[in-house]
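Enquirer: Before I ask anything, here is the structure I am working with.
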């Protein structure tokens, strides 16, 4: 394939979409993930962390790494795609974006496999000492992905482009590919195919879990509740993948080909527009991941339910107090003066 020399396309709607969308994700994500860490620190001593809880904490940390860089991207898109911050922050933002994306995929994969083992081999899983394995797998995931992400620290991440007005230049952040670069294409092919391999494994494990749970005989109400939660957990994990990760990786390879100049201009514009939307969807995993924890741990779910109930009762009390106070004021106002004794 020979690259063409099409002009640089842009999707200008992103300069409105990203600041608004990322601001919402930032607020909700920081609140949700900080609360998750607080609950885990309060409810679970470190010695009682089993494999699944270790994976959950690591997934939360990966989400927070991305969330702390969202203000940088908000400033970038608010300034019409002009990186006005120090260059190293562009490298840092790109690095954390990569870490969050693939650490999230990896930890969701090992969480799914853990649940797969618990359903298909419950006795063996219950007897296994999995705490060390949890730490070891987490270490392998972090070292592998952070090692791969270190590429973004040495990469020349910014480039200058003339403004559309014709006066001066703007600085882009991770928006430049050398036309016809085969190494860049190979890297993206590897990432996309690796993702879909992991996704197929996760899909297989979840389908086996669903089938096993649906074919089991439920003899007790408590077991029925456990089964229902397990099914919801499976559906939530699949939903996170389908909503957040699959659209981005479906678009990523065609978009890369267009960026490298192997597609015509009309296709490039359309796929670039789609790519911006999938980037928004990708960021929502930071908000959706904490939902999975509600179905994975009994203590977490109980603590959250108690807090929500307490807040609801507090509002009822406040409203009742307010209404009682109003009634007293009305009664005093209507009472004869002589009946008021001091």
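Using N, Cα and C of the backbone, Cβ positions are placed for all residues, glycine too.
Annotation source Swiss-Prot lists disulfide bond at 90-173. Residues annotated as N-linked glycosylation site in Swiss-Prot, with sequence analysis given as evidence: 4, 169. Swiss-Prot lists 1-16, 75-91, 156-184, 255-276 with the feature topological domain 'Extracellular', giving sequence analysis as the kind of evidence. Annotated topological domain 'Cytoplasmic' per Swiss-Prot: 39-54, 114-133, 206-233, 297-342, in sequence order. The transmembrane segment annotation in Swiss-Prot covers 17-38, 55-74, 92-113, 134-155, 185-205, 234-254, 277-296 and is backed by sequence analysis.
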Enquirer: With CB pairs under 8 Å as the measure, which of the listed stretches 17-38, 55-74, 92-113, 185-205, 234-254 comes out on top against the transmembrane segment (134-155)?
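Expert: Ranked by Cβ pairs under 8 Å, first place goes to 92-113.
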Enquirer: Would the transmembrane segment (234-254) count as touching the transmembrane segment (92-113), if touching means at least three Cβ pairs under 8 Å and pairs must be 6 or more apart in sequence?
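Expert: Result for the transmembrane segment (234-254) with the transmembrane segment (92-113) is yes.
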Enquirer: Give me the count of other Cβ atoms within 10 A of the Cβ belonging to residue 169 (N-linked glycosylation site).
Expert: 11
Enquirer: So what's the mean pLDDT when you look at the topological domain 'Extracellular' (1-16)?
Expert: 69
Enquirer: Using Cβ-Cβ distances, find the residues under 8 Å from residue 90 (disulfide bond) that belong to the same chain and are at least 6 apart in sequence, listing them in sequence order.
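Expert: Sequence-distant Cβ neighbours: 72, 83, 157, 158, 173, 174.
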Enquirer: Within the same chain, where does the topological domain 'Extracellular' (75-91) have neighbours whose Cβ lies under 8 angstroms from its own Cβ atoms, ignoring anything closer than 6 residues to its ends? I mean 6 or more beyond.
Expert: 10, 14-15, 17-19, 22, 152-153, 155, 157-158, 170-175
Enquirer: With H, G and I counted as helix, E and B as strand and the rest as coil, say where DSSP puts residue 90 (disulfide bond).
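Expert: Looking at the DSSP assignment, residue 90 (disulfide bond) belongs to a helix.
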Enquirer: Per DSSP, residue 173 (disulfide bond) is which: helix, strand or coil?
Expert: strand
